[in-house]
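Positions annotated as domain 'FAM20 C-terminal' by TrEMBL: 2-200. Summarising the annotation, TrEMBL assigns ATP binding site to S20, A21, F22, L23, E94, D109. The active site annotation in TrEMBL covers D89. For D109, the entry in TrEMBL reads Mn(2+) binding site.
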Amino acid sequence: LCKTEYAVCGNPHLLEGSLSAFLPSLNLAPRLSIPNPWIRSYSFDGKEEWEVNPLYCNTVREIYPYSNGNRLLNIVDMAIFDFLIGNMDRHHYEMFTKFGDDGFLLHLDNARGFGRHSHDETSILAPLSQCCIIKRTTLLRLQLLAEPEYRLSDVMRESLLQDPLAPVLTEPHLLALDRRLQLILEAVRRCTDTYGEAAVVANDTVLPQAPASDRAKLGT
């Protein structure tokens, strides 16, 4: 029975919530919190530059560490993930300092995800649509998940059935994943139509080559 002194109550007995996974302490695994270049404006007083300037990515490309390496590509990956789950609240991302500037991004705080299944907030895809770059491995995975035999909603549904809290996502949320995936692929197609596939799709499938001295040792 819900009482007035309770902070929250179910309706009638079920209550929506979110789960959190705790990372190792900062003493054991130091990490940096870095502002997202595509941080959203949180007031009605003004807009962030990316929200009004379609050429904003040109500015980002000139700023270290987005000027070289994979950081910008990783930001695009993060935006694709956020668009699929409908998370508009990616104001920061984190990285373990141990791996340096080329480390992976930590996608923490996804609690705003899977809110409105009926709305696709395409502005979340701004890093992709403005920069027009994507990893080849990411694109190949998205194209695979768009195939009928590997449909993203089916893969997610089957995976979540193993969860003790199954079904976790409602059917409209699962179907929204398929719809949003098509919007991502359409954004990539617009980029390739404009700039060509070679300029848009970054080949991250090639393994780094060993130094010449090491290759000589392998050949003997």
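Counting starts with 1 at the first residue shown.
A Cβ is built for glycine as well, from the same backbone N, Cα and C atoms used for every other residue.
Straight-line distance linking the Cα atoms of D89 (active site) and L23 (ATP binding site), rounded to a whole number, equals 20 Å. Annotation for L23 (ATP binding site): spatial neighbours A29, R31, L106, L108, criterion Cβ-Cβ under 8 Å with sequence separation of six or more. The Cβ of E94 (ATP binding site) lies under 8 Å from the Cβ of R31, L32, S33, I34, L105, L106, L108, each of these being in the same chain and 6 or more residues away along the sequence. Within the model, the domain 'FAM20 C-terminal' (2-200) shows a mean pLDDT value of 91, rounded to a whole number.
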